[in-house]
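> Pasting a structure here, questions to come.
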């Protein structure tokens, strides 16, 4: 009874939020509704007993994919007046595509046969194992080739993303970390005794040794060769 | 399946409570608060000065790179969970197959490290 109630709540919220995803005006709100839909789908998976899938949905889809969707949505420059301009021209094409898809759906549904009620689905739970453990016993031994192929796909995705998007601008100030860690205060600080009541600027400002900024800079990065342009700014402050 | 529902009953209770609290906060503000909006009041607020421009603008592709790399390692971690649960049943072969998987992704990690994809500049 309670399980059915929870199921209907999750299913109703899932359907509502899925409808909101495609009907809401603001694309950022659409992505947020998509996240709500993911959460409810995870709840449905939990009720069906598929704990691992539910957690995967939360970790991967809500944690990572939705973030990526938000990125894409925020990167798009969506102008509604501009979007509505093409509506008249593109409407016939859109209606054609939608009609074809709808006809295909009708054809698929008309040939759909339901199993008679009472026929049990030929799925057997692994005896004495939780869902996750049953998956684990199969993935890493029986399906080892596919598993390693997954690793290769992930590697290709990683290298592809880096090759496509990584642009070293060289405008950053990167440090040679080992050098920076090995430095002592004596190398980087000069203590100046300032008389009481005197202006600090008259004593030369806040002084750093000339090499303090750029002797730990990575060669080629910003400021690695540049002379006191930065130091002067500091003094003026 | 009542057993699963019983296991996750605390989570369900927490979820219900959070929904109630959120609805109460928004609803009370909506019901009890005085609302007299005028155009100047509902403009985007940006630390007191006029908003520069729209929030929808291009930003650095490196944010995207960080997100992609996060997804990839997220998926890698997702593979670790069932492996850890069933490690006692899959024997040495299962252990080594996961090591192979991790080393393939470790090569990718070394690549992005040496390439400087993890440095911001």
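Glycine is no exception: its Cβ is also placed from the backbone N, Cα and C atoms.
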> Look up transmembrane segment in TrEMBL and report which of B:12-32, B:33-53 it refers to.
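In TrEMBL, the transmembrane segment feature sits at B:12-32.
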> Which residues of the same chain, at least 6 past either end of the transmembrane segment (B:12-32), have a Cβ under 8 Å from a Cβ in it?
5
